[in-house]
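Notes follow once the structure below has been shown.
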Amino acid sequence: MTERTLVLIKPDGVQRQLVGEIIGRIERKGLTLVALELRHVSQDLAAQHYAEHEGKPFFASLLEFITSGPVVAAIVEGPRAIAAFRQLAGGTDPVEKAIPGTIRGDFGLETQFNLVHGSDSVESAKREIALWFPDA
């Protein structure tokens, strides 16, 4: 089944010049980039994107991080795109949970600075794509 998912290359991935490597891995997996944009994230967009974490102790630092530099936002499409990208990304904790061969396992060091975001469900993908690409 063809799905769409939102992929973000977070400020640490952009700053470390890993955009080409990450995009290449997405394409080599067989997924298609439907839309791609380099942008600075507003506080409002960040708060909407991470609304499920509002009230948690790490919420403010999450917003500070995602707005700290440019982000690459992409709509990625393909068979089981949500699960396929999450497998490619690796576990949220790059050191303890992400295995070598994944984006986070190969390049990540800290949970907060874990390079990429991918939608975790069809519902999340629809909501996140509408936030980041309202005309898509």
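Every residue gets a Cβ built from N, Cα and C, even glycine.
Among the features that Swiss-Prot reports, ATP binding site is placed at Lys10, Phe58, Arg86, Thr92, Arg104, Asn114, with the record citing sequence analysis. What Swiss-Prot lists as active site, pros-phosphohistidine intermediate is His117, and the listing cites sequence analysis.
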Between the two most distant Cα atoms of the ATP-binding residues Lys10, Phe58, Arg86, Thr92, Arg104, Asn114, the distance in Å is 22
Three-class DSSP assignment, Lys10 (ATP binding site), comes back as coil
Note: in the chain of Thr92 (ATP binding site), residues six or more apart in sequence with C-beta under 8 angstroms of its C-beta are Ala98, Arg104, Thr111, Asn114
What DSSP gives for Phe58 (ATP binding site), in three states, is coil
One residue among the recorded positions Lys10, Arg86, His117 has the fewest other C-beta atoms within 10 A of its C-beta, namely Arg86
Same-chain residues at least 6 apart in sequence with Cβ under 8 Å of the Cβ of Phe58 (ATP binding site), in sequence order, are Gln112
